[in-house]
Amino acid sequence: MNILVTNDDGVTADGILCLARYLSKKHEVTVVAPETEQSAVGHAITLRFPLWLRKIDINEEFEIYAVSGTPADCVKMGIDVVLKEKPDLLISGINRGNNLGTDVVYSGTVSGALEGAIAGVPSIAISSFSFENPLYETAAKFILEFLEEFDVKSIPRFTALNINVPSVPYGELKGWKLTRQSKRMYEDYFEQRKDPSGGNYYWMMGNIIENDPDPKADYKAVAEKYVSVTPISVFLTNEEYLKRLEERYEDKAIR
């Protein structure tokens, strides 16, 4: 397959290079990724400002391009400017740290995959669970084998797969599970600190809350050493609540 690879950790981050090296053993790979780290930029795109694209050479077996923008910018430019056609598959990652539960809302990695989904390209976001000790080779080996058994052409437009891989040696993985995006979230707080001149600044902190009763919650699979595979959608309409609203306000809604 012709695979376009992007990320949010930056074009020369260890995760994306590990992923591209493994994929290039069996596929044609092109890397188009941000020239600087873009973690937690969500689905931002660059408007009314220029974007720069440059090819970089670090002696790899695949072409690498750096973009002065976000992961979503990279996907757009990768398809329209670099490849000039849709690839067979887009993979965003390997992210340093998980993208579980509400992480998905903020993640540049996941947004890169969703941008591919908008463009009609089968797309996958992949993350290594641990930020402190990400095992990229485990995730790279997994995705290479996963592509042998999973029909990526079955992924419908506007849908992407969000994959989270436990940070354990590859041989310790128990397999993969189909999961749901969980209600895993953070209880945020801000720590006040002093800058060198004595002024106040704030550092955002957070405690993880994992109390989702759903047995298919994504984080539960990862905790049990399974790879979590969650189909996610570009569209955010709460269909259940919409139906309840329609029933309640049917006579009052403007037609």
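Numbers here mean position along the shown chain, with the first residue as 1.
Here the Cβ of each residue, glycine as well, is placed from N, Cα and C on the backbone.
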Candidate from Asn59, Asn95, Asn98 that Swiss-Prot assigns to the same divalent metal cation site as Asp8, Asp9, Ser39: Asn95
Cβ neighbours of Ser39 (divalent metal cation binding site) where a neighbour is any other Cβ within 10 Å: 18
Three-state secondary structure, which DSSP defines for Asn95 (divalent metal cation binding site): strand
Position of peak Cβ density within 10 Å, selected from the binding-site residues Asp8, Asp9: Asp8
